[in-house]
Amino acid sequence: MAAARYDVEQGGRGGEGKYPPPPEQMYPQREGEREWVPWFVPVVVAANIALFAVVMYVNNCPAHAASTRRGGGGGGGACVARGFLHRFAFQPLSENPLLGPSSAALQKLGALVWDKVVHEHQGWRLLTCIWLHAGVVHLLANMLSLVLVGLKLEQQFGYLRIGVIYIVSGVGGSVLSSLFIRNNISVGASGALFGLLGAMLSELFTNWTIYSNKAAALVTLLVVIAINLAIGILPHVDNFAHIGGFLTGFLLGFIFLMRPHYGWMQRYVRPSDIKYTTRKYLPYQWVLLAVASVLAVLGFAVGMGMLFKGVNANDHCQWCHYLSCVPTSRWSCGK
(Lines of atoms letter the chains of each structure in order from A and count residues from 1; the text may use other names and numbers.)
(Lines give C-alpha, C1' and ligand atoms only; values in the text may rest on other atoms or scores of the structure.)
Protein backbone atom coordinates (compact mmCIF):
# COMPACT_ATOMS: atom_id res chain seq x y z
CA MET A 1 0.00 0.00 0.00
CA ALA A 2 1.30 3.34 -0.80
CA ALA A 3 1.51 5.98 1.85
CA ALA A 4 2.81 9.44 1.00
CA ARG A 5 4.05 12.82 2.16
CA TYR A 6 2.02 15.63 3.58
CA ASP A 7 3.00 19.10 4.64
CA VAL A 8 1.44 18.93 8.10
CA GLU A 9 2.07 22.51 9.08
CA GLN A 10 0.17 23.57 5.95
CA GLY A 11 -2.66 21.13 6.64
CA GLY A 12 -1.74 18.91 3.69
CA ARG A 13 -1.73 21.76 1.15
CA GLY A 14 2.01 21.69 0.49
CA GLY A 15 1.49 20.14 -2.94
CA GLU A 16 3.48 17.05 -2.14
CA GLY A 17 0.87 14.32 -2.49
CA LYS A 18 -1.30 12.32 -0.15
CA TYR A 19 1.31 10.65 1.96
CA PRO A 20 2.03 10.75 5.70
CA PRO A 21 4.04 13.69 6.96
CA PRO A 22 7.67 13.00 7.79
CA PRO A 23 8.71 14.04 11.31
CA GLU A 24 10.89 16.93 10.16
CA GLN A 25 7.85 18.64 8.63
CA MET A 26 6.05 18.46 11.97
CA TYR A 27 8.87 20.14 13.85
CA PRO A 28 12.36 21.28 12.84
CA GLN A 29 15.58 19.55 13.77
CA ARG A 30 16.49 21.02 17.14
CA GLU A 31 19.89 22.12 18.27
CA GLY A 32 21.74 19.34 20.06
CA GLU A 33 19.85 16.57 18.27
CA ARG A 34 21.67 14.25 15.92
CA GLU A 35 20.59 14.07 12.30
CA TRP A 36 21.24 10.61 10.92
CA VAL A 37 22.38 9.79 7.40
CA PRO A 38 19.85 7.23 6.11
CA TRP A 39 21.24 3.95 4.81
CA PHE A 40 18.86 1.28 6.11
CA VAL A 41 15.98 2.32 3.86
CA PRO A 42 18.12 2.48 0.68
CA VAL A 43 19.53 -0.97 1.50
CA VAL A 44 16.01 -2.37 2.01
CA VAL A 45 14.88 -0.90 -1.32
CA ALA A 46 17.91 -2.37 -3.10
CA ALA A 47 17.38 -5.75 -1.42
CA ASN A 48 13.72 -5.88 -2.45
CA ILE A 49 14.57 -5.05 -6.06
CA ALA A 50 17.36 -7.63 -6.12
CA LEU A 51 15.12 -10.32 -4.62
CA PHE A 52 12.41 -9.56 -7.15
CA ALA A 53 14.97 -10.15 -9.91
CA VAL A 54 15.93 -13.46 -8.26
CA VAL A 55 12.28 -14.52 -8.10
CA MET A 56 11.80 -13.69 -11.78
CA TYR A 57 14.95 -15.68 -12.64
CA VAL A 58 13.66 -18.70 -10.76
CA ASN A 59 10.18 -18.22 -12.22
CA ASN A 60 11.47 -18.54 -15.82
CA CYS A 61 8.08 -18.16 -17.45
CA PRO A 62 9.14 -19.21 -21.00
CA ALA A 63 10.64 -22.51 -19.84
CA HIS A 64 7.70 -23.39 -17.60
CA ALA A 65 5.20 -22.44 -20.29
CA ALA A 66 7.00 -24.71 -22.79
CA SER A 67 7.06 -27.64 -20.37
CA THR A 68 3.37 -27.17 -19.67
CA ARG A 69 2.55 -27.31 -23.37
CA ARG A 70 4.67 -30.43 -23.85
CA GLY A 71 2.83 -32.06 -20.96
CA GLY A 72 -0.50 -31.36 -22.59
CA GLY A 73 -1.52 -28.70 -20.07
CA GLY A 74 -3.69 -25.81 -21.13
CA GLY A 75 -1.94 -22.47 -21.53
CA GLY A 76 -3.22 -19.41 -19.75
CA GLY A 77 -1.70 -17.02 -22.27
CA ALA A 78 1.73 -15.90 -23.48
CA CYS A 79 4.48 -14.71 -21.14
CA VAL A 80 4.55 -10.90 -21.04
CA ALA A 81 7.60 -9.20 -22.65
CA ARG A 82 9.19 -12.55 -23.48
CA GLY A 83 11.07 -11.19 -26.48
CA PHE A 84 12.65 -8.43 -24.41
CA LEU A 85 13.09 -9.99 -20.97
CA HIS A 86 13.63 -13.62 -22.03
CA ARG A 87 14.00 -15.70 -18.85
CA PHE A 88 12.76 -12.76 -16.73
CA ALA A 89 9.49 -12.45 -18.63
CA PHE A 90 6.31 -11.98 -16.58
CA GLN A 91 3.52 -14.48 -16.17
CA PRO A 92 0.47 -14.05 -18.45
CA LEU A 93 -1.73 -11.16 -17.35
CA SER A 94 -4.63 -13.55 -16.86
CA GLU A 95 -2.57 -15.24 -14.15
CA ASN A 96 -0.78 -12.22 -12.62
CA PRO A 97 -2.01 -8.76 -13.66
CA LEU A 98 0.67 -7.10 -11.49
CA LEU A 99 3.46 -8.06 -13.93
CA GLY A 100 5.22 -10.65 -11.83
CA PRO A 101 5.98 -14.31 -11.18
CA SER A 102 3.76 -17.28 -10.56
CA SER A 103 2.41 -18.25 -7.16
CA ALA A 104 4.57 -21.37 -7.29
CA ALA A 105 7.75 -19.33 -7.63
CA LEU A 106 6.77 -17.09 -4.72
CA GLN A 107 5.98 -20.10 -2.54
CA LYS A 108 9.31 -21.67 -3.42
CA LEU A 109 11.24 -18.59 -2.29
CA GLY A 110 9.43 -17.84 0.96
CA ALA A 111 5.89 -16.54 0.50
CA LEU A 112 3.59 -16.72 3.52
CA VAL A 113 1.58 -19.95 3.32
CA TRP A 114 -0.45 -20.92 6.38
CA ASP A 115 -0.18 -24.66 5.86
CA LYS A 116 3.61 -24.57 5.52
CA VAL A 117 4.04 -22.32 8.56
CA VAL A 118 1.82 -24.40 10.85
CA HIS A 119 2.09 -27.98 9.63
CA GLU A 120 5.58 -27.94 8.12
CA HIS A 121 7.07 -25.72 10.84
CA GLN A 122 8.37 -23.10 8.39
CA GLY A 123 8.02 -20.14 10.70
CA TRP A 124 10.74 -18.31 8.82
CA ARG A 125 8.13 -17.49 6.18
CA LEU A 126 6.69 -14.90 8.59
CA LEU A 127 9.84 -12.88 7.90
CA THR A 128 10.81 -13.81 4.34
CA CYS A 129 7.42 -12.92 2.87
CA ILE A 130 7.93 -9.21 3.58
CA TRP A 131 10.89 -9.17 1.18
CA LEU A 132 8.96 -10.62 -1.77
CA HIS A 133 6.49 -8.91 -4.10
CA ALA A 134 3.81 -10.18 -6.44
CA GLY A 135 4.78 -7.96 -9.36
CA VAL A 136 6.39 -4.80 -10.65
CA VAL A 137 3.32 -2.73 -9.76
CA HIS A 138 3.31 -4.11 -6.22
CA LEU A 139 7.07 -3.56 -5.84
CA LEU A 140 7.06 0.01 -7.12
CA ALA A 141 4.12 1.05 -4.94
CA ASN A 142 5.70 -0.31 -1.76
CA MET A 143 9.23 0.94 -2.46
CA LEU A 144 7.99 4.42 -3.33
CA SER A 145 6.07 4.51 -0.06
CA LEU A 146 9.10 3.29 1.86
CA VAL A 147 11.35 5.96 0.37
CA LEU A 148 8.88 8.79 1.01
CA VAL A 149 8.13 7.75 4.59
CA GLY A 150 11.16 5.79 5.73
CA LEU A 151 13.97 8.12 4.69
CA LYS A 152 12.73 11.00 6.81
CA LEU A 153 11.99 8.77 9.77
CA GLU A 154 15.46 7.24 9.62
CA GLN A 155 17.00 10.70 9.33
CA GLN A 156 15.22 11.71 12.54
CA PHE A 157 15.51 8.54 14.61
CA GLY A 158 18.34 6.49 13.14
CA TYR A 159 18.66 3.17 11.35
CA LEU A 160 18.47 0.93 14.42
CA ARG A 161 15.11 2.10 15.75
CA ILE A 162 13.48 2.40 12.34
CA GLY A 163 14.94 -0.94 11.28
CA VAL A 164 13.53 -2.71 14.32
CA ILE A 165 10.11 -1.13 13.83
CA TYR A 166 10.06 -2.01 10.12
CA ILE A 167 11.05 -5.66 10.49
CA VAL A 168 9.08 -6.46 13.66
CA SER A 169 5.99 -4.76 12.23
CA GLY A 170 6.32 -6.86 9.09
CA VAL A 171 6.37 -10.03 11.20
CA GLY A 172 3.41 -8.76 13.24
CA GLY A 173 1.46 -8.26 10.04
CA SER A 174 2.36 -11.77 8.90
CA VAL A 175 1.16 -13.28 12.18
CA LEU A 176 -2.25 -11.60 12.06
CA SER A 177 -2.63 -12.43 8.37
CA SER A 178 -1.91 -16.11 9.05
CA LEU A 179 -4.48 -16.22 11.84
CA PHE A 180 -7.28 -15.15 9.49
CA ILE A 181 -6.22 -16.15 5.97
CA ARG A 182 -5.49 -19.81 5.20
CA ASN A 183 -6.24 -20.38 1.54
CA ASN A 184 -4.09 -17.72 -0.13
CA ILE A 185 -0.40 -16.90 -0.15
CA SER A 186 0.76 -13.48 1.02
CA VAL A 187 3.81 -11.42 0.08
CA GLY A 188 4.84 -7.79 0.30
CA ALA A 189 6.23 -5.12 2.60
CA SER A 190 2.86 -3.50 3.26
CA GLY A 191 2.67 -4.73 6.87
CA ALA A 192 6.10 -3.25 7.59
CA LEU A 193 5.12 0.03 5.91
CA PHE A 194 1.94 0.25 7.96
CA GLY A 195 4.13 -0.31 10.99
CA LEU A 196 5.98 2.90 10.14
CA LEU A 197 2.63 4.69 9.86
CA GLY A 198 1.57 3.34 13.24
CA ALA A 199 4.88 4.41 14.75
CA MET A 200 4.40 7.92 13.37
CA LEU A 201 1.05 8.14 15.12
CA SER A 202 2.34 6.93 18.49
CA GLU A 203 5.37 9.19 18.11
CA LEU A 204 2.98 12.10 17.79
CA PHE A 205 1.22 11.12 21.01
CA THR A 206 4.30 10.42 23.11
CA ASN A 207 6.10 13.58 21.90
CA TRP A 208 2.98 15.73 22.04
CA THR A 209 4.63 18.72 23.73
CA ILE A 210 7.12 19.45 20.95
CA TYR A 211 4.50 19.90 18.22
CA SER A 212 3.48 23.44 17.37
CA ASN A 213 0.37 22.51 15.38
CA LYS A 214 -0.94 19.46 17.17
CA ALA A 215 -4.44 19.35 15.66
CA ALA A 216 -3.21 19.59 12.06
CA ALA A 217 -0.60 16.89 12.61
CA LEU A 218 -3.06 14.50 14.27
CA VAL A 219 -5.91 14.99 11.79
CA THR A 220 -3.61 14.63 8.80
CA LEU A 221 -2.10 11.40 10.05
CA LEU A 222 -5.47 9.91 11.00
CA VAL A 223 -6.98 10.74 7.60
CA VAL A 224 -4.06 9.25 5.69
CA ILE A 225 -4.09 6.09 7.83
CA ALA A 226 -7.86 5.72 7.47
CA ILE A 227 -7.68 6.06 3.67
CA ASN A 228 -4.93 3.46 3.39
CA LEU A 229 -6.77 1.01 5.64
CA ALA A 230 -10.01 1.60 3.73
CA ILE A 231 -8.28 0.61 0.49
CA GLY A 232 -7.52 -2.69 2.19
CA ILE A 233 -11.17 -3.76 2.13
CA LEU A 234 -10.92 -4.27 -1.63
CA PRO A 235 -10.61 -7.88 -2.82
CA HIS A 236 -7.16 -9.46 -3.22
CA VAL A 237 -5.63 -7.06 -0.67
CA ASP A 238 -4.42 -8.55 2.61
CA ASN A 239 -5.70 -5.95 5.04
CA PHE A 240 -4.98 -8.19 8.01
CA ALA A 241 -1.26 -7.77 7.29
CA HIS A 242 -1.83 -4.01 7.18
CA ILE A 243 -3.72 -3.98 10.47
CA GLY A 244 -1.24 -6.29 12.20
CA GLY A 245 1.71 -4.22 11.01
CA PHE A 246 0.01 -0.98 12.01
CA LEU A 247 -0.81 -2.16 15.53
CA THR A 248 2.71 -3.51 16.01
CA GLY A 249 4.32 -0.30 14.80
CA PHE A 250 1.95 1.78 16.92
CA LEU A 251 3.12 0.01 20.09
CA LEU A 252 6.78 0.07 19.05
CA GLY A 253 6.60 3.81 18.42
CA PHE A 254 5.92 4.43 22.12
CA ILE A 255 8.93 2.27 22.96
CA PHE A 256 11.54 3.45 20.47
CA LEU A 257 10.55 6.96 19.36
CA MET A 258 10.26 8.78 22.68
CA ARG A 259 11.98 12.18 22.56
CA PRO A 260 12.77 14.86 25.17
CA HIS A 261 9.77 17.09 25.86
CA TYR A 262 9.48 20.73 24.86
CA GLY A 263 10.63 22.15 28.20
CA TRP A 264 13.86 20.17 28.05
CA MET A 265 14.54 21.28 24.48
CA GLN A 266 14.06 24.92 25.52
CA ARG A 267 17.30 24.81 27.46
CA TYR A 268 19.14 25.28 24.16
CA VAL A 269 17.59 28.67 23.56
CA ARG A 270 17.62 30.00 27.13
CA PRO A 271 20.46 32.26 28.30
CA SER A 272 23.37 30.29 29.71
CA ASP A 273 23.06 31.93 33.10
CA ILE A 274 19.53 30.54 33.57
CA LYS A 275 19.49 27.04 35.01
CA TYR A 276 16.90 24.65 33.70
CA THR A 277 16.58 21.48 35.74
CA THR A 278 13.37 19.97 34.36
CA ARG A 279 13.35 16.25 33.65
CA LYS A 280 14.24 15.10 30.17
CA TYR A 281 11.12 12.93 29.80
CA LEU A 282 7.68 13.44 31.26
CA PRO A 283 5.96 10.82 33.44
CA TYR A 284 3.25 10.09 30.88
CA GLN A 285 5.94 9.17 28.32
CA TRP A 286 7.31 6.50 30.65
CA VAL A 287 3.80 5.21 31.35
CA LEU A 288 3.07 4.89 27.63
CA LEU A 289 6.38 3.11 27.10
CA ALA A 290 5.65 0.61 29.89
CA VAL A 291 2.09 -0.12 28.74
CA ALA A 292 3.15 -0.47 25.10
CA SER A 293 5.98 -2.84 26.08
CA VAL A 294 3.62 -5.13 27.98
CA LEU A 295 1.01 -5.11 25.21
CA ALA A 296 3.61 -5.78 22.49
CA VAL A 297 5.06 -8.78 24.33
CA LEU A 298 1.61 -10.17 25.17
CA GLY A 299 0.35 -9.60 21.64
CA PHE A 300 3.22 -11.48 20.04
CA ALA A 301 3.08 -14.28 22.61
CA VAL A 302 -0.66 -14.82 22.17
CA GLY A 303 -0.52 -14.43 18.39
CA MET A 304 2.37 -16.84 17.93
CA GLY A 305 0.77 -19.33 20.32
CA MET A 306 -2.53 -19.29 18.45
CA LEU A 307 -0.81 -19.52 15.07
CA PHE A 308 1.36 -22.55 15.81
CA LYS A 309 -1.53 -24.31 17.53
CA GLY A 310 -3.45 -24.02 14.27
CA VAL A 311 -6.17 -21.76 15.68
CA ASN A 312 -8.45 -20.20 13.08
CA ALA A 313 -9.17 -16.69 14.35
CA ASN A 314 -12.28 -16.51 12.17
CA ASP A 315 -13.93 -19.00 14.53
CA HIS A 316 -13.58 -16.51 17.37
CA CYS A 317 -14.56 -13.42 15.38
CA GLN A 318 -17.37 -14.02 12.91
CA TRP A 319 -17.30 -10.49 11.47
CA CYS A 320 -13.55 -9.91 11.27
CA HIS A 321 -13.36 -11.07 7.65
CA TYR A 322 -15.04 -7.78 6.72
CA LEU A 323 -11.88 -5.99 7.85
CA SER A 324 -10.05 -7.40 4.85
CA CYS A 325 -12.78 -7.48 2.21
CA VAL A 326 -16.30 -6.12 2.02
CA PRO A 327 -18.41 -7.76 -0.73
CA THR A 328 -20.44 -5.46 -2.97
CA SER A 329 -22.47 -5.76 -6.15
CA ARG A 330 -19.25 -5.10 -8.12
CA TRP A 331 -17.05 -7.78 -6.55
CA SER A 332 -17.08 -10.80 -4.30
CA CYS A 333 -14.56 -11.71 -1.64
CA GLY A 334 -14.45 -15.44 -2.26
CA LYS A 335 -14.23 -17.90 0.59
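Note: Cβ is positioned from N, Cα and C throughout, glycine not excepted.
Quick look at what TrEMBL annotates:
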COMPBIAS  1-10  compositional bias 'Basic and acidic residues'
DOMAIN    121-258  domain 'Peptidase S54 rhomboid'
REGION    1-28  region 'Disordered'
TRANSMEM  36-58  transmembrane segment
TRANSMEM  130-151  transmembrane segment
TRANSMEM  163-181  transmembrane segment
TRANSMEM  187-208  transmembrane segment
TRANSMEM  215-234  transmembrane segment
TRANSMEM  240-258  transmembrane segment
TRANSMEM  286-308  transmembrane segment
Criterion met for the transmembrane segment (163-181) and the transmembrane segment (215-234) (at least three Cβ pairs under 8 Å): no
Candidates 36-58, 130-151, 187-208, 215-234, 240-258; stretch with most C-beta pairs under 8 Å toward the transmembrane segment (286-308): 240-258
Long-range Cβ neighbours of the transmembrane segment (130-151) (under 8 Å; 6 or more residues past either end): 1-5, 17, 19-20, 22, 38, 40-42, 44-45, 47-49, 51-52, 55, 90, 96-101, 106, 109-111, 162, 166-167, 170-171, 173-174, 187-193, 196-197, 200
Chain residues outside the transmembrane segment (187-208) and at least six past its termini with a C-beta under 8 angstroms from it: 1, 3, 20-21, 23, 26, 44, 48, 106, 111-112, 129-134, 138, 142-143, 145-146, 149-150, 153, 162, 165-170, 172-174, 177, 214, 217-218, 221-222, 224-225, 228, 238, 241-254, 256-259, 261, 285, 288-289, 292
For the transmembrane segment (240-258), distant same-chain residues with Cβ under 8 A (at least six beyond the ends): 1, 157, 161, 164-165, 168-177, 179-181, 186, 188, 190-203, 205-207, 225, 228-229, 232, 281, 285, 288-289, 291-293, 295-296, 299, 323-324
Stretch-averaged pLDDT - the domain 'Peptidase S54 rhomboid' (121-258): 90
